[in-house]
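A.B. asks: Can you keep this structure in mind? I'll have questions shortly.
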Amino acid sequence: MSVPVSPAAGEDALGYARGYAPGRTLPLRVEIVRQFRRRRTLAMFALLLALPWVLVVAFQFGPGSNGGNSLRLSDLATAGGLNFAAFALSVSASFLLVVAVALFCGDTVASEASWSSLRYLLAAPIPRDRLLRQKLIVALGYSAAAVTVLPLMALLAGTLAFGWHDIRVPGTGEIIAATDVLPKFALVIGYALVSQLVVASLAFLLSVSTDSPLGAVGGAVGLVIVSSILQAVEALGSFREFLPTFWNTAWLDALSPQPDYSGMIKGVSVSVTYSVILIAFAFRRFRRKDVVS
Amino acid sequence: MTFPGGRRALTAVVALVLVVVGCLAWALWPSGKPVRGQDTAISVVDGPADDQRVTLDATFFPPATGGKAPAVLLAHGFGGSKQSVRDLAVRLAGRGYAVLTWSARGFGRSTGEIALNSPDYEVKDVRQLVDWLAKRPEVRLDGAGDPRVGIAGGSYGGAIALMTAAYDSRIDAIAPEITWNDLADALFPDAGGNGPINGVFKKMWAGIFFSSGGSGLAPDGGLDAQGLAGLSGPSGPAQALTPQQVQCGRFLPAICDMYQTVASTGRATPEAINLLRRSSPSSVPDKIRIPTLLIQGQRDSLFPLGHADANARQIAATGAPVEVAWINGGHDGGDNEPDWVFDRTADWFDRWLKNGPGSTATGTGTSANAGAGTGTGTGTGTASTRTAGAAAGAAAFTVSRDGGRDPGTRQTVLVHATANGYPGLSGTTRTTVRLSGPEQQIANPPGGSPASISSVPGFGSLLRSGGGLGVSLDIPGQAAAFESAPLTAPAHVTGSPTVQVKVYGTGEATLFAKLYDSSGGPVAVLPSSLVAPFRVTATEEGTPVTVTLPAIDRTFDAGHRMRVVISATDLGFSTPATPAVYRIGLASPELTVPADPALVTPATGPAWWTWALPLAATLAAAVLVLTRRARPARSTADRPDLADVPLVITGLGKRYSNGEKAVDDLSFRVERGQVLGLLGPNGAGKTTTMRMLMGLILPDEGEIRIFGHPVVPGAPVLSRLGSFVEGPGFLPHLSGRANLELYWQATGRPAEDAHLEEALEIAGLGAALERAVRTYSQGMRQRLAIAQAMLGLPDLLVLDEPTNGLDPPQIAEMRKVLKAYAQGGRTVIVSSHLLGEVEQTCSHVVVMHRGRLVSEGPVDGLLGASASSNGSGHRLEDVFLDLIGESR
């Protein structure tokens with residue numbers, strides 16, 4: 001240790017430290033770097049990128065095709081890259097992507113609290129609203145990357161393994177030209193993103209409310225599980241339409257020969273509704289919260 | 001660690017669970033008081049000579065609403081009994097009707113023999129049931145012996161509704177479902193238009209129909225759209241049966257004999273046709289004059305849509321109001337939409353029995369007075385029918401269509417397209433589609449086997465896969481196909497298309513026409529699995545015949561082809577056993593396709609909530625966010641006079657969530673250049689004060705000012721504060737250097753102001769700086785945290801127990817650092833419970849105990865005052881213990 005002798009940075013006209021501006025605190029780039037080098041971030045992306053290849057290998061090993069008579073999505077997976085990507089998305093959207101999104105959004109504030117670094121960020125000072133905003137943007141960005149990277153890698157893996165063919169529609173076996181489907185595929189990924197917003201925002205709210213990152217992630221995943229169970233109860237009738245996960249598979253409608261977007265529109269509506277409220281609660285809560293961790 | 005937020009979150013979760021459980025309970029809780037049926041046996045007398053005594057097993061359900069209510073007779077399907085319609089009866093009674101169900105003669109526990117809804121038998125029975133109803137106190141009367149009554153039922157039960165309406169003018173409204181207009185035509189259809197005498201015997205359906213009645217032991221459920229599934233139930237007690245009974249079961253011998261004859265020859269006889277027609281509404285063309293709701297199934301190869309069409313035309317011709325609905329299901333399976341059918345039927349009765357004509361004795365004009373129940377049952381003008389229809393919001397023609405799939409369950413959903421008028425099977429518009437194909441030779445195999453398959457009666461619902469694909473199979477060599485070019489635009493077909501073909505050859509040919517929807521894929525779809533059989537005498541020059549194809553409602557997509565197939569065999573029908581070869585060609589290349597553009601599906605546009613919910617949520621979110629802005633300090637104004645005072649605390653107070661005060665009325669002031677020791681035992685409120693100083697927790701009362709600015713969460717003036725409170729906080733996966741660099745970048749201030757190297761010097765970590773923080777010892781983290789607090793060389797440095805975890809040389813070094821730091825005009829606040837530490841480091845001291853200020857001032861002054869007061873020593877420890885009121 002030695003003694004610091006430099007003069008202080010001094011204050012500006014307002015009486016704040018020189019060069020300090022609330023709007024410049026916690027730049028997105030800094031938050032991205034802070035999160036990126038975490039093991040769980042890297043492990044999650046490695047898993048998402050590897051999964052399509054694992055599926056490809058699994059399909060190679062499996063018993064030969066059943067003659068192409070079956071028209072289920074899983075049996076059509078080997079019909080081409082697009083079919084494979086649709087299959088990969090359908091099998092992962094219900095749980096793997098949920099976990100990924102819950103991880104990125106549920107961990108972000110709670111882990112800072114558990115490391116005690118949150119109080120130093122707040123005392124830097126980063127205004128609380130800004131801290132939440134920047135963290136939310138970065139967490140959603142990582143979530144979006146996770147949801148996007150899987151179908152894209154599946155498209156690549158599927159195309160390399162099974163070739164670039166037009167898509168065969170499950171159920172009727174109709175063929176749609178690949179060039180027609182590609183823009184729809186972008187729409188599907190976009191919808192998958194929006195439908196994960198509920199998970200993201202709930203995880204974020206829990207992240208703000210607890211010091212335990214696992215609690216926040218688990219809570220959000222738990223919600224998805226409970227909602228999926230409830231939506232299987234047909235006695236609930238149209239109540240189910242308002243369950244956050246009810247419309248999660250509506251994107252399949254976009255890939256049919258006569259795309260029907262009404263389910264997706266409802267899904268977006270429900271998803272946005274829940275997310276906006278949950279995120280508003282997160283901000284409201286964090287603003288006045290006593291940070292004691 | 002418990003904190004108030006945790007308990008609130010728990011409360012919220014519990015509340016949410018309670019709300020969900022409440023909603024579930026509310027949605028699932030059985031409502032209304034139970035309706036109790038009264039079983040009764042009603043003796044009736046029937047037969048051509050009114051000399052046969054039959055006991056009908058009946059159940060009467062009084063209206064749940066009490067009082068006098070309109071009555072509904074609920075008839076069961078073939079093979080069923082009164083038990084089959086019990087649930088429906090309960091629901092109807094719950095809606096305020098007196099409901100009577102009964103087992104028809106020859107079914108269930110009723111005596112007598114099946115006479116196929118003959119006017120001499122079943123119709124007479126039902127008329128006496130109406131008499132019985134007229135005597136019930138619960139039933140509303142239109143006149144003496146004339147109850148207000150409607151009849152509903154499916155299949156066999158639908159036919160008795162129509163037949164009774166024709167023979168009894170006291171009936172006020174009927175709602176027959178999936179039933180026949182002409183039983184002869186249903187069993188011997190001829191799509192060539194030459195009537196049942198020329199018809200092709202529908203052998204499988206006829207067999208099922210007669211055997212289910214013939215067994216005499218039919219289980220509940222019957223033939224109303226359940227097919228064989230309803231016939232395979234357990235048999236009743238074994239009885240010794242006579243050969244006659246074995247053959248005819250509970251059929252009337254005359255009917256049994258008729259069936260034996262036609263089934264063996266496969267041809268209708270005039271006697272058989274007469275007998276079947278006696279039991280058919282077609283035999284009473286102008287006698288049904290009351291409001292009629294006809295519900296027919298699109299998947300019904302037994303009583304196809306044409307029967308409802310004939311009934312509708314016949315009844316509408318009398319001027320009575322008629323509405324037609326084509327549901328998805330039928331005798332071949334599919335979705336029979338029981339809930340929709342119930343609602344539609346109940347609405348129909350509500351309209352014509354409850355609010356209907358009889359209630360207005362004047363009965364002129366306003367609404368229809370059809371079936372006014374005064375014994376005439378006269379009809380009314382169609383104009384008033386429309387008025388009534390419009391008033392009730394129902395449509396004259398409803399078609400159930402595929403509405404895509406439910407995104408949640410992936411099940412197909414149905415939508416109901418409606419039109420204001422029923423156009424009949426030839427549609428409101430007709431277009432022609434050009435077919436092409438050469439003349440083709442087809443063979444009738446010897447024995448008629450193997451046969452093409454369109455639908456298998458009774459097994460329809462089993463064979464049909466979910467996606468609406470029928471199992472249809474044409475045997476190569478037995479079928480001729482004619483195809484259109486791919487459609488340029490989607491073509492909607494509602495009704496019966498017609499095609500003209502020529503049949504070359506010799507002798508009588510039995511042929512089957514079907515219209516496929518071919519997408520070019522592996523399987524062409526046969527809509528509703530329906531075929532049109534026709535019989536024609538082939539000639540060498542070709543016999544032209546106009547074939548009316550099955551009535552369907554279907555959209556042929558653009559790019560698809562319409563394919564007409566003429567086949568020589570069909571599994572469901574009786575075909576000649578003699579081998580033969582015919583040539584089939586098109587007499588006209590034009591396929592006439594009917595449509596009804598007036599049929600519109602109710603707007604399936606986004607439900608109102610798809611835009612309302614997000615909007616409401618956004619509003620709610622705005623309210624949530626805006627109504628709880630960070631609480632402003634009591635006096636938000638800066639105090640320029642204090643701009644040079646690093647810290648002023650005034651009247652500060654903070655309670656724990658349990659109400660105990662952590663800090664109570666704390667006031668002190670720190671000047672530039674001071675090293676202030678914040679001294680107190682554990683729990684004195686030092687750390688809480690420091691947290692408030694950093695804006696991490698909000699004071700309950702009082703205020704803190706740093707350089708004149710009030711401290712609130714995130715106050716910009718905190719940028720002049722460096723802090724280390726309650727241990728270090730680093731990202732464990734990053735190195736020490738990366739942690740400090742990223743922390744500084746997070747403040748958004750220029751990198752050159754950080755004085756990173758000087759801070760790292762203080763930390764003294766050497767090469768360890770490049771290792772991940774998770775590998776550090778407690779002391780290394782502590783030093784790194786102090787270095788982080790000094791980044792940017794803040795004007796006010798707050799350190800909480802900075803020497804914890806340091807070894808003695810490092811502690812000595814730290815003292816020097818802090819003293820030197822304050823000499824440049826900066827201020828340092830050090831909290832500690834180590835008295836010696838404060839004594840050696842600090843110039844000033846603030847002593848706290850139990851949240852309150854006990855003493856403040858220069859260390860020297862405090863020592864001096866203490867020495868003069870009790871003379872016991874000059875050590876701060878003594879002074880301190882004195883101050884907090886504990887002696888050694």
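Glycine too: its Cβ is placed from the backbone N, Cα and C atoms.
Checked TrEMBL, it gives:
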type	residues	note
TRANSMEM	A:42-62	transmembrane segment
TRANSMEM	A:82-105	transmembrane segment
TRANSMEM	A:136-165	transmembrane segment
TRANSMEM	A:185-206	transmembrane segment
TRANSMEM	A:213-233	transmembrane segment
TRANSMEM	A:261-283	transmembrane segment
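Can you walk me through where each of these features ends up in the structure?
C.D. replies: Long-range Cβ contacts of the transmembrane segment (A:82-105) within its own chain (Cβ-Cβ under 8 Å, at least 6 residues beyond either end) map to 35, 40-41, 44, 47-48, 51-52, 55-56, 73-74, 76, 136, 139-140, 142-143, 146-147, 150-152, 154-155, 157-159, 161-162, 164-168, 178, 181-182, 185, 188-189, 192, 195-196, 199-201, 203-204, 207, 216-217, 220-221, 224, 228, 248-249, 251-252, 255.
Counting only same-chain residues 6+ beyond the ends of the transmembrane segment (A:136-165), those with a CB under 8 A from a CB of the stretch are 28, 31-32, 35, 41, 44-45, 48-49, 51-53, 55-56, 59-60, 77-85, 87-89, 92, 96-97, 100-101, 104-105, 108, 178, 185, 188-189, 192-193, 196, 200, 204, 279, 282.
Among residues of the same chain six or more beyond the transmembrane segment (A:185-206), those with a C-beta under 8 A of the stretch's C-beta atoms are 82, 85-86, 89, 93, 97-98, 101-106, 108-110, 136, 139-140, 143-144, 147-148, 151, 155, 215-217, 219-221, 223-224, 244-245, 247-248, 250-251, 254-255, 264, 267-268, 270-272, 274-276, 278-279, 281-282, 285.
Tertiary neighbourhood of the transmembrane segment (A:213-233): same-chain residues 94-95, 98-99, 101-103, 105-107, 110-111, 114, 198-200, 202-203, 206-207, 240, 243-246, selected by CB-CB distance under 8 Å and a gap of 6+ residues from either end.
Among residues of the same chain six or more beyond the transmembrane segment (A:261-283), those with a C-beta under 8 A of the stretch's C-beta atoms are 129, 132, 136, 191, 194-195, 197-198, 200-202, 204-205, 207-208, 241-244, 246-248, 250-251, 253-254.
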